[in-house]
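What follows is a single structure, written as structure tokens, with notes after it.
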């Protein structure tokens, strides 16, 4: 790849209305879409072929610009049902998006709005018409990039000022974003998973009570819990262990979320440590997995480029099976730092990084990937049943089959 620290990159379009300025001075020009403005963020790439709306509304992408490696994004439009952030009015999720091709008119029976208008309404700045393969290769070689994405229909940009902003931004390390995306107060979640015939349902006869600590939770996680018979009480990220226990839960869920897990060390990690000391079943996903590892005495580290996509192979040591899963994280647990009473349960077959753990002798476990998918494969849905079975075991009930039986 040609070095382009002082001039416009070679994969750009002639008439620019948006630009991406990397911290090293590289400038990528294209067509602007979505919101007008400029913002600093980390540039990553996602390899999923579908589910762009779920990806862009995943709160785990707060502080990031998503480069879609699949060239055609926006074909099926958008709708209110596929939004993943818990409070859409707050527009938590990715702040920028990068596409290979221009957005076309949507064609789908569920579409209510085209992607460009939807991006505008959510305040997401987008750039189209660039060589996303070249940008993805750059990220793979140099790592996730700090950058500024800017959109102005006039095409007029102060490049030197934008370069200075990109170079000055400190990035996601030591940045606590969980407090920014969490709910403001507790709420009860009843919505169950979507079906083609009925859409979303509602859980009116719950058998269990799960408290979910919201560090940036996705809706589909909560739906899968309610779909298995749970009443879910969602608490803010800053809730204490005493706050959680006051709800008398049967189990505790630690959600996904954005930012550096170590930056939550002043509030979330101590809370999780106290919860682990109880006999309550605890299940964590993504950021929740990382914070659980910290609470157990482990360490986390910033990854070179992170894992973002719906086609990642993971091995489950507890079953010996390989699953294809969805991932979205830029930090990872250092498996060598885990204490002796913590067992590694899952590992990435791409790079060998830790993807799961459990505490020996306690009903506590977590995974780095996203078993709820949305978007992605459903290979790991069984983990929600594994969590519910820990609750059922404490109640003296017969466990559910971890995998649904064929009809």
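Quick reminder: no glycine exception, Cβ is built from N, Cα and C everywhere.
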For the L-glutamine site that Swiss-Prot gives with 257, 259, 287, 290, 328, 330, 331, which of 60, 105 also belongs there? 60
If we take the Cα of residue 286 (active site, nucleophile) and draw a 10 Å sphere, the recorded positions of 60, 259, 370 inside it are 60, 370
Residue 330 (L-glutamine binding site) falls, by DSSP collapsed to helix, strand or coil, into strand
Chain-internal residues, separated by at least six, CB under 8 A from residue 372 (active site): 218, 220, 221, 223, 224, 285, 381, 384
Can you tell me how spread out the L-glutamine site is, meaning the largest CA to CA distance among 60, 257, 259, 287, 290, 328, 330, 331, in Å? 13
If you count Cβ atoms within 10 Å of the Cβ of residue 370 (active site), leaving out that atom itself, what do you get? 25
If you count Cβ atoms within 10 Å of the Cβ of residue 287 (L-glutamine binding site), leaving out that atom itself, what do you get? 32
